[in-house]
Ligand SMILES: [Zn+2]
């Protein structure tokens, strides 16, 4: 099965070369707006010839004809207003620079400033750089992706500066980039970008066609990074978070692990304050790798552990320097000159570089892992113990949730298909493909069913059937079973476990207890895992109303919109808080799968507190319907079980002198300020934010350094520290350099996380006001400092923050913060998700990707000649972009809707869903995936879905139908059209007009801030004295 290609058409494992039918290697302009709508406009005959159930092989002969009948315009026939010539297009795009100051950029003639240590002489990947691929001006160090995928560390000199690492303190980054800024409003004397570039309006108004487009900038970047790697030092502005890319670690960590808001930091807090920007970092320490990226090396320094700075405890990293012939190790955070231990000594060469540097990953890579000796242990590390707590109460049985959950666990443990191919797990039996492990050797599983009582199962492999031991005492529960019987190897006990999970619904079908006792069950599970730590996976399908910790209906809608509403977003129950605290202390974390039948209240705030505090995740199915949602539940369980997971974790971020950690935002426990973050569990999908403040002035001759150290036990049972090292340049005062290296995703992410943190302290109105003011502060700050030459009537957006306003509007419209009525369960769930989401997942959450599937080109959804899936351009999230008769895929990383216009072509429906499915009414509203058909369209859409599911985040992708005028999920579709006026907030255009007006008032000194009394500087004032804190490890 290893050769299986998920993107291949149904009948052909290997894609036949399509030759001339593919587009020429020059990619089409990402700026063109598609106008052809074969299903909406072409005559019926034309439709039949395109989608008459044509199987893929038969399709090839007529591809050319199809294209002429209204598919995507072929290369050269770009949108109206262009001259149509390929050469002209390239030239135009080269000049356009995505709204940068247009013709001012002339990359080919850029002079190369060679720096001794950091070579930054190639264009950094501002969006403007993406067009370089079309111009065939490959920067000399940018390597073809396909080569890179096989030999990222090969002999090719992609990083000539590598052997000169580490950079001695004092070498500043001095990237070259033209200042950027999109100009809106009245035409100025500035040379304008090409007509189809965003940002210009001749009428002096904000033109909906011209305002910055999230889809355009994502698509352009995605195209660029299909062909280019991201070298982490040569380039210093990360790709947009939603875009897949292959990073090449040059000593600075991949942005997948750490994204700074500013990759060039102003030297003073005053300069930062003037910019309005947060100085922060989004960390996702266990982020998954993309195919083609090198595994993180695991280094073992034996009993001594990894070398660290004696003064500040920073771990060895590529930016520490050696002096005195290799005898002194100078810390890059605190500049302390440490003695080098004899066992770690190696001489330096005449340039001051250790002779063994090339053989030492800790001196060359930004992200490494160290094995750690006993002093770093809290407990003897063992393989991760997974304890499943399965709700067997009445509602779980009635709703089919129990059955789906059990099936999901069986599939997750034993049904290893190709997507597990790259997992690094040992096989216990090479003969049997089913024996391939979902969880690593050493990890064990245990099962408890609960309703009013707890039912423990002994799944020892020697038994014919699992033995059940009942623990009815909810007041003082204990574990009625030794851990040998409770925790078993899931592969040795496979038959016992599979049989148990299959029988479970029948076993409890006679009892049908209505009230589950959840907190006692969690307490009992806590004692079962007390000695080792571990991970709990818990299902729940009714409000737990039995025994200690029983909950009641808190949200009756009366508190919505008033001051005390925030009480609903947190737990007030001391018992739940206590259990969560004890779990973290014991190295235990919880993933919850909560189904709410008919949208009933589940007190997610209280129950979900358990997973939020312990570093776990809450999966919430607000209106669970078994036929539709079982597939998603099963896939979510699988992800929860198979993603990289660690437990008993501590995290700490260190930074250079002059900076200090101001606050952390995420789901964890921090007992006192300055203490390490404590996480019962951590997994690949979890991210957190760190805010920094100044405790002095930064030296602009030095770089600023950051190191995140995550101490954790792997699921395989090894105690390790993962170090994520990040570097930024420093510029004197308020500098355009800082503006050139803003990471928009990180800025949005920090604003979102901070706002989510305050949801339990402030009213929602205050938070919305603060987010609005923040948006204005940042854009006005730029206007005041860096674009004074523009007439005051113009809206000027920094190049790297072009879509910032849109993302902030998406945040204002999110379920967490939106105005209007919203059940507290959903608000709380969204708020906690925002706190722990990766930058990728958040980006989609704040602006969904939408592609039309009624006018795909024949090549869309299939690999192109370089083997990459050709993804059609996405469209703006606005109903004005929806075409009559259209069909659209909409994905916000949580749900994926297939929206079908009422006038959609019957042929399209048949091609997509099969014969006889030729009307909206004939479709099954409960479907969660597409059938596998031999039509071209069906294969295209399934391929695109498979691709999306691989670049998404923590939630599994299944399809939900949204038929115009038929399905309730149509409301969700309308909600996700964030550019429209909806969710009790403005349209994107109106929002920009508002922001623009407020900026003008700010510039003329007339703005009154409305931040709801939210000081904004609260964080900084409480942070004194952190500099001397030492972590215990
Ligand atoms: Zn130090």
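For all residues, glycine too, the Cβ spot is worked out from N, Cα and C.
Small disclaimer: the values here were computed from a predicted structure and weren't measured.
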Correct range for region 'Disordered' (source TrEMBL, candidates 151-177, 178-204):
178-204
When the domain 'Zinc finger Sec23/Sec24-type' (306-344) is classified with DSSP, how many of its residues are helical, how many are strand and how many are coil?
6 helix, 11 strand, 22 coil
For the domain 'Sec23/Sec24 helical' (743-842), residues assigned helix / strand / coil by DSSP:
69 helix, 3 strand, 28 coil
Limited to the domain 'Gelsolin-like' (870-942), I'd like the whole-number average of pLDDT.
96
